Each structure stands twice: as structure tokens, then as C-alpha cells.
Amino acid sequence: MSEIKNIAVLTSGGDAPGMNAAIRAVVRAGIYHGLNVFGVKRGYDGLVKGDIVPMDAKSVANIIQRGGTILKTARSEEFKTYEGRKQAYENIKRFGIDALVVIGGDGTFTGASKFIEEFDVPIIGLPGTIDNDLAGTDFTIGYDTAINTVVDAVDKIRDTAESHDRLFVIEVMGRDSGLIAIRSGISTGAEAVLIPELEVDYNAIMKRLDQTRKNKSSRIIIVAEGDDEGGLVVADKIKENFPHYDVRVSILGHIQRGGKPTCMDRVLASRLGVAAVEGLLAGRKGEMAGLICGDVQFTPFGKAIKHIDKINTNLTRIVEILSL
Ligand code: ATP
């Protein structure tokens, strides 16, 4: 028989579309299983400050389709200290909370691991980040929505690029990961994709741009923000090599974080939210619930945060082959 009667859910790190669907799933699955559920405001900051509110089925009504997170999110420096985490522990005891579900990325899981180590609080994590940079899940909550937002924006830029015979360098999010860049690059027919995981071979890119000139009037180069150079520098290099090209830069920025989650993100968040609650009730802790080949699986935090190199070089080859 599980000792868990009261659980709390929080969202932490950068926001991602689908976090609301995940909160809803945790709250409703908790209620379904007879638990009391609390929401923590602004991630670990709310734990440290005791900003914790009771949640019921109604408090998560009509949010599955909304971007952002109704619980809000923040980066907490205090939680990085032992004193901050102790304060957080005292608060969860004060509210009678037995276990936590944390929705976030690698930093969130690193913090959760320390909290478990020091205070033995059962915690299950859900992968909530647009970057898809966690091991232990094929996709993170928010990634599908973010890449579809990028695809929509790039398609629009392609229209104007084509009309004016322009080359656009488009910078997308991904400080440490090129996964947003690579998938959106394939699906928008980009001529090149530059990502932090792979060294840029400018000679090859310039050669390709030159060779394919007769087939194209517009060009799209997608650059992940974490690439050493960034979109503006890449554009300058292209202008140096091809002064006759009409080169423009577009930095997509925060639109990539917002918007209605896609069906895929809503289903992913719903499945993982239920799994998190049932995992806690089954005695699990210190693990992230993820989806691997269609099945829910649990991965220890230590392994999930190890950003295994998810860049499949077959995907980068596809960009090259299809950019003729
Ligand atoms: P994203 O991938 O969107 O950036 P994230 O979860 O990696 O999400 P971070 O800002 O890195 O986002 O981490 C979220 C919070 O987790 C931090 O604000 C901090 O409170 C906590 N955290 C991160 N690293 C540590 C750490 N080493 N020790 C304790 N807590 C940490």
C-alpha cells in the first residue's frame, strides 16, 4: 500500500507548449487515484518560498490547448544552494506533501536528484523542454509544437525569399542542441543546416550554394542559436563569398516557445502525466517518464540528463542529398 496521499506538481526551467497538458494530466490522474494534489508556483522558487496552492479537477479545466504554463516557471538560484533546498523541504512538510512531479529539462532533474539525495523525497520528472535534448525519451513535451512553429515561419519566409530571389539565414532556438534546426530544415527544404553538434564546413556549404544556383532562386540556411557563429555571422560569411547574393537574416526568437500545443504534444503530456502519478504510487522515484518507441519508460535522472548525442547523421545527410 502506497504511503503517498498528497502530491505536488511544478514546471521549471524554460516554458514549453504542452506543460499545461502535463499539469492537467498529473492533477486529474492524482485525483483519479484518490490523492490530494497541490500546484507549486514558479518552479523551485515556489517550493523555496512556500508558494503552493491546492489544485482540483476544475483548476485544470480548459488548459490542455493553452501554451505556456498556468503554474508559471522560473529559474531559482536559491534552490541551487543547500539552504534553499532545506527551506523547500520544510515547506513541503508544512503542506504535508509526500511526493513531487517536476516538469522541466536537465537543470530541473539535476536539482531534483540533489533534493532526493538530501531529503529522500520521491520525485518523478516529465521532460518539458522545446529542445528535445534529453535521453530516455524520443520526444520531449514542447518539441513538436516548437518545430511546427518554425516550419510555419520558414514557409512564410520562403515565399518572400522566392519572390525576391533572396538567401535567408534563419536562426532558430537550440543553445546546445541542433534538433529543432535539423527537423525544421528537412521539412522546409533548407539548403543547409548549421548545428552546435557538428563543425561547420563552410567550404562545402559555399560549394553547394554555388553548384545549386541554377536550380534555385531562393535559399534558406537554418542556424541553431548555439552554433558558434549565430545567424548574423553566418550571413556575413556568405556575403563575403557571394557578394552578389541578396542575403537577409531572420532570428525567430521567442515565438518558438509559445502557441497551442500540437496534438502530439498534448497526447505525449497526457500519457506521461498519468505515468508519473502511477509511477510514484508504484514506489518509483528519481526517474523521468519518457516515451521510447511508443511505450512509456522510466529513466534515472542521471541518465536522462546526459544529452546522449541525439543527432542522427542520417538526418543531416538528408538535408544535403535533397538540397540539389
Ligand atoms: P530548459 O531545458 O528549458 O533550460 P532546465 O530544467 O534545464 O530547462 P534550468 O534553468 O537549467 O532549466 O534549471 C531549472 C532549475 O533547476 C534552476 O533554476 C534551478 O533552480 C534548478 N537547478 C538547475 N541546476 C541545478 C543544480 N546543479 N543544483 C540544484 N538545482 C539546480
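Glycine too: its Cβ is placed from the backbone N, Cα and C atoms.
The ADP site in TrEMBL is built from R24, A25, V26, V27, R28, G189, A190, E191, K214, K216, S217, S218 plus one of R66, R158, R248, R257, namely R158. Record note: TrEMBL gives R75, S76, G105, D106, G107, T108 as ATP-binding, and the candidate from G14, G18, G30, G174 in that site is G14. The annotation in TrEMBL ties T129, I130, D131, R166, M173, G174, R175, R248, H254, I255, Q256, R257 to substrate, and of the candidates under consideration, E197, E199, E225, E278, the one tied to the same site is E225. Of all the binding-site residues in the record (G105, G107, T108), the one with the smallest CA separation from I255 (substrate binding site) is G105. Distances between the Cα of T129 (substrate binding site) and those of the binding-site residues V26, G105, G189 are shortest for G105. Among the binding-site residues G14, R24, R75, S76, E191, R257, the ones whose Cβ sits under 6 Å from an atom of ligand 1 are, in sequence order, G14, R75, S76. For G107 (ATP binding site), the nearest neighbour among the listed binding-site residues (G189, K216, S218, R257), judged by C-alpha distance, is R257.
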